[in-house]
Amino acid sequence: MRVHLCVVGRLRAGPERDLVDDYLKRFDRTGRALGLGPARVTEVDDRKGGGMAAEADLLRRALPSGARLCVMDERGRQMPSPDFAQRLGRWRDDGTQDLAFVIGGADGIAPDLRAEADMALSFGQMVWPHMLVRVMLTEQLYRAASILAGSPYHRA
Ligand SMILES: C[S@@+](CC[C@H](N)C(=O)[O-])C[C@H]1O[C@@H](n2cnc3c(N)ncnc32)[C@H](O)[C@@H]1O
């Protein structure tokens with residue numbers, strides 16, 4: 001199951017991008033034997049003039065056709081890491097070929113795109129900057145792969 005992170009905004013070189021690259025590499029390595037990955041980031045421009053609707057058009061074009069869609073949203077569903085891992089495993093076992101996560105820009109994700117999603121996932125009720133959400137999501141993907149692989153990275 002290929003994993004796509006479709007995100008609004010460009011992440012400049014720096015510590016956040018280094019972390020994202022590192023977790024993506026770890027996810028790909030751990031996920032390979034499990035039928036998970038590769039995971040890739042697709043960035044679309046933020047549209048200060050056009051706002052959420054213009055960004056939603058760009059995001060839709062970036063989504064692989066038929067992809068299962070999970071939007072990142074502070075109003076979404078919170079879940080423990082093992083549940084997230086089981087959810088990924090179930091989607092993989094259901095035959096999902098492409099799983100896409102969408103991270104919005106400064107204004108968030110357009111309501112019509114949110115309504116199309118299979119799931120809205122929350123990292124808590126606080127609003128985080130998109131670059132941190134990228135780091136957190138790639139870490140959780142790696143953690144999920146580690147849990148499914150039975151490796152000791154996740155100890156809680
Ligand atoms: C700076 S936030 C935008 C928040 C925007 N003001 C809103 O009301 O939706 C950028 C993106 O990061 C993601 N995000 C921020 N906080 C989040 C959280 N607690 N859980 C999940 N995703 C989050 C969402 O995809 C959001 O669109």
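Note: Cβ is positioned from N, Cα and C throughout, glycine not excepted.
Taken from TrEMBL as is:
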| type | residues | note |
| --- | --- | --- |
| BINDING | GLY104, PHE123, GLY124, GLN125, MET126, VAL127, TRP128 | S-adenosyl-L-methionine binding site |
Task: Max CA-CA distance, Å, over listed S-adenosyl-L-methionine-binding residues GLY104, PHE123, GLY124, GLN125, MET126, VAL127, TRP128 - done: 16
- [ ] Within 10 Å of the Cβ of GLN125 (S-adenosyl-L-methionine binding site), how many other Cβ atoms can you find? Include all protein chains, please.
- [x] 8
Task: binding-site residues compared (MET126, VAL127) - highest count of Cβ atoms within 10 Å - done: VAL127
TODO: Pick out which of the binding-site residues GLY104, GLY124 has the most other Cβ atoms within 10 Å of its own Cβ.
DONE: GLY104
- [ ] Show which residues of the chain containing PHE123 (S-adenosyl-L-methionine binding site), separated from it by at least 6 in sequence, have their CB under 8 Å from its CB.
- [x] MET72, GLU74, GLN78, VAL133, MET136, LEU137
Task: Cβ neighbours within the same chain of TRP128 (S-adenosyl-L-methionine binding site) - under 8 Å, at least six residues apart - done: GLU74, MET136
Task: Residues close to S-adenosyl-L-methionine site centre defined by GLY104, PHE123, GLY124, GLN125, MET126, VAL127, TRP128, Cβ within 8 Å - done: GLU74, SER122, VAL133
TODO: Provide the three-state secondary structure of GLY124 (S-adenosyl-L-methionine binding site) computed with DSSP.
DONE: coil
